[in-house]
Amino acid sequence: AIYEQSCEAYRHQGKTSGFFYIDSDGSGPLGPLRVFCNITEDKIWTAVQHNNTGLTRVQGADPEKPYTMSFNYNSSAEQLEAMINSAEYCEQEAAYHCKKSRLLNTPNGMPFAWWVGRANEKHLYWGGSLPGIQQCACGLEESCLDMRYFCNCDADREEWTNDTGLLAFKDHLPVTQIVITDTNRSNSEAAWKIGPLRCYGDRQFWNAASFNTEASYLHFPTFHAEVSADISFFFKTTAISGVFLENLGIKDFIRVEIRSPKEITFSIDVGNGPTEATVQSPTPLNDNQWHYVRAERNLKQTSLQVDSLPKKVLEAPTEGHFRLQLNSQLFVGGTASRQKGFLGCIRSLHLNGQKLDLEERAKMTAGVKPGCPGHCSSYGNLCHNGGKCVEKYNGYSCDCTNSAYEGPFCKEEVSALFETGTSVTYIFQEPYPVTKNASTSSSAIYADAVMSKENIAFSFVTAHTPSLLLYINTYFHEYLAVILSKNGSLQVRYKLSKDGLLIFTIDSGNFANRELHHVKINREGRELVIQVDQVLKLKHNFSEIDFKAIKSLTLGKVTDSLSLDPEVSKANAYGFTGCLSSVQYNHIAPLKAALRHPSIAPVTVKGSLTESSCASIMEADVNTVTTIYSSSDPFGKSDEREPLTNAVRSDSAVIGGVIAVVIFIIFCIVAIMSRFLYQHKQAHRSSQTKEKEYPENLESSFKADIDLQNTVSECKREYFI
């Protein structure tokens, strides 16, 4: 197999949303299937589009002349079935919009519409209902417009209504055909929509078993691999050695084992003596991290792959036996030949494309437990920018709560456009309750509230100077300000109660150049480090630092500007105009809080704040940039209004537009003709007056030509005017 078996597998390679090929049966006979992997923070969705996912109108259908539509998924039924069977959950949206068009003819009639699913089976239930129940979603929820019926459309009303829901019984999916038979009566009309096939979860990728003793093992039926064998799995262990799997014959055998902390061996004997393919790792493989093993054998060669290490390939002998004849049970995590068993975890075990359910067998076997904890030890490095890896029974997720980024790996920037006067202020809680004795001095109240560090990071794009990017003030009237000076240099200004004003200037270029710049300001104790665009620009050691009792953090214009010093006040005159991205202060992300949680976070927004992408506007004028919207799922749900306002109204709009254009053209033609006739009449009268002045020997045809030329000339002149 060239491709991974699911979107889940691509996600754990660090891939983001996009189109991929998946091969659900690995090296089995099924070919790869092109799907869209929508990799979100919550779930990894696999979507397969068909040839008609839009809203489609139907008229003139009856039982004698039914309307049918068949769906083509650009794949075989076997490929779709393999994908569905591998998933934890699958669904397809089914929507039927109706005006005097019945759907299932509830409660007791023969249905007027139905759909066909897997194995060409006809189904008489609709989206949101359950198999075997001739109802729609409103029937189960007891919310239909007319309680005598189990579908809204079965009430047979003159106005538009609909029955919409999800078909989620996996054994019946995908929908391959829809049939409609009740749109041939007076004022009868319908519009239907069947959405793409969508699934999430890979039942096999995290299917694992934990082997707790060397004597424990799982057994499965004999592995039939006479001429070809393809074995793949993940393992993690702290043991020095052990057998992953083994299957014996009278003389033949096949075995995969870890012989030493740095050595994996694939052994096979087809009657010509043992053949061993061994991969040596430069680092120990018993590090309790997940490692991938793939062992293959065919008539030409035997090979072994471990992680991304070089593959070991052995050519098969040209003579001798070639059929692998096995007759015992397959042992997983142990051995029948009394060799040392395996201690640790094995997951996602595939033999010749077939998936072995380790968890189900482990439930019935002593010394073996289903599942395997500790995925973050292997995949935690995929969570970036302060994202926290969270263990799940089947895998892990990245918690981006305390990160300025979002997305499945906390790598997607959260950014916004600021206009002149825009202000985002994050208010910190007071260090002590306000009910504390007011007579106590401020120094006593805030004595324990010293901030030991500042970890600040953000990116920006602007063309305006001076600008105030970030301002942090304290209850002691201290502050930290990041500004762009008039010449485009970057200043970090600390005002401390003991050291006074300290100014650190980065003048390595004009930072107001409509390019994206990244700023990091880190202070640990007395040591300050400033980085700009991943380059160390400044280091400083404070003699004493007592920056404490943070009151608020402001991005852009500071509205309470009475306490600002002159230089900061100049920069604050217009605040910041441009784009700010992924702002982080210690464990707080103020810009993300303003955009994602404005109602619950202690954040105040004044002026215009528009979510956008800083990277997308680097080459554009920041004054004229408009918001850029994007969608991670090209098969996203469309407008859910009634078809009267979608398909029907869209057609009416086109027809109305055509009629208006035709009327306008006719009006123009009539006006031009009227003007032409009027001018022609005037010219005719003039010619009669002038006829007396023509010489008598002038031919009448010549006079007629002159009159015609005069008329044409008058007509042309009037037209251009």
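A Cβ is built for glycine as well, from the same backbone N, Cα and C atoms used for every other residue.
Among the features that TrEMBL reports, disulfide bond is placed at Cys345-Cys372. Using a 10 Å radius centred on the Cβ of Cys345 (disulfide bond) and all shown protein chains, the other Cβ atoms total 22.
Marked as domain 'Fibrinogen C-terminal' by TrEMBL: 1-50.
Annotation comment: TrEMBL describes 207-372 (among others) as domain 'Laminin G'.
Positions annotated as domain 'EGF-like' by TrEMBL: 373-411. According to DSSP, the secondary structure content of the domain 'EGF-like' (373-411) in residues is 7 helix, 11 strand, 21 coil.
The domain 'Laminin G' annotation in TrEMBL covers 433-614 (among others).
The annotation transmembrane segment is assigned in TrEMBL to 653-678.
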Item to complete: State the count of C-beta atoms found within 10 angstroms of the C-beta of Cys372 (disulfide bond), not counting that atom itself.
Response: 24
Discussion item. Below 8 angstroms Cβ to Cβ, which residues of this chain, lying six or more residues outside the domain 'EGF-like' (373-411), approach it?
Written reply: 8, 11-12, 14, 16, 39-42, 44, 201, 205-206, 236, 288-290, 457-458, 582-584, 587-589, 591-592, 596
